[in-house]
Amino acid sequence: MRTPIIAGNWKLNMNPEQTTEFVEAVKAKLPDPSKVESLICAPAVDLDALRKAAEGSNLHIGAENCYFEDEGAFTGETSPKVLNEMGIDYVIIGHSERRGYFHETDEDINKKAKAIFANNMTPIICCGESLETREANKQEEWVVAQIKAALEGLTAEQVSSLVIAYEPIWAIGTGKTASSDQAEEMCKTIRETIKDLYNEETAENVRIQYGGSVKPANVKELMSKPDIDGGLVGGASLDPESFLALVNYQD
Ligand SMILES: O=C[C@H](O)COP(=O)(O)O
């Protein structure tokens with residue numbers, strides 16, 4: 001049985017003071033973690049404040065990116081080793097904004113996934129097609145290729161424990177959500193791909209989120225789909241009331 005996971009991705013928003021205020025506002029009202037896992041992924045500069053504020057609560061904490069080397073001459077990068085030492089649980093990798101603006105490749109994403117596992121954290125691997133790819137009806141082959149490349153060389157045990165976020169680029173920050181049927185269709189395809197690459201047990205264990213204009217008004221409908229195990233939420237995760245409505249969607 002997969003535990004749903006609702007994650008906020010704050011992107012380049014919030015400072016340490018706002019982070020502390022946000023956590024203070026939500027931490028007593030988060031759902032039982034056996035029912036829904038609540039997670040905030042924050043900019044690296046806010047992670048220390050996030051960890052301190054979330055201590056003793058049901059809030060998991062994540063980073064939005066990391067490098068694939070633990071240390072060395074890599075100016076400006078974030079070490080997965082240090083993220084683990086800081087008590088970070090999850091790291092988002094392969095977000096379309098990283099792929100697009102920062103030229104992150106499938107190969108980088110695969111190396112990052114391995115580095116995150118080597119440092120005892122869990123990757124959230126993002127995938128998703130552009131509007132152009134969807135209009136050409138090539139979205140399945142696109143996403144399947146991204147998944148195969150990201151998982152290259154990972155064990156069934158590792159894949160069972162990780163999270164995949166399907167985020168169609170045309171639905172991110174646009175207010176245009178994929179329909180719950182479109183989201184389900186791709187999440188099912190991803191699960192079938194993992195079954196083909198590994199086995200049924202691994203496919204049943206892996207958690208797959210949908211991301212792209214998820215908000216309190218549509219979360220319940222999306223979460224009612226059998227292959228959607230959570231949401232990766234940008235804009236609607238920045239407000240404490242909205243975040244609480246998302247994580248408490250079962251109430
Ligand atoms: O990682 C989150 C996604 O990019 C979705 O962002 P959004 O909820 O603002 O559309």
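Here the Cβ of each residue, glycine as well, is placed from N, Cα and C on the backbone.
Of the listed candidates (Gly56, Gly173), TrEMBL assigns Gly173 to the same substrate site as Asn9, Trp10, Lys11, Ser213, Gly234, Gly235.
Listed binding-site residues near His95 (active site, electrophile): none (candidates Gly173, Ser213, Gly234, Gly235; Cα-Cα distance within 10 Å). Proximity of the binding-site residues Trp10, Lys11, Gly173 to ligand 1, judged by a Cβ distance under 6 angstroms to any of its atoms, singles out Gly173 in sequence order. Ser213 (substrate binding site) sits 9 Å from Glu167 (active site, proton acceptor), taking the CA atoms of both as reference points. Cα of Gly234 (substrate binding site) to Cα of Glu167 (active site, proton acceptor): a span of 11 Å. Residue with the densest Cβ environment among the recorded positions Lys11, His95: His95, by other Cβ atoms within 10 Å. Binding of substrate is attributed in the record to Asn9, Trp10, Lys11, Gly173, Ser213, Gly234, Gly235, and the widest Cα separation among these residues amounts to 14 Å.
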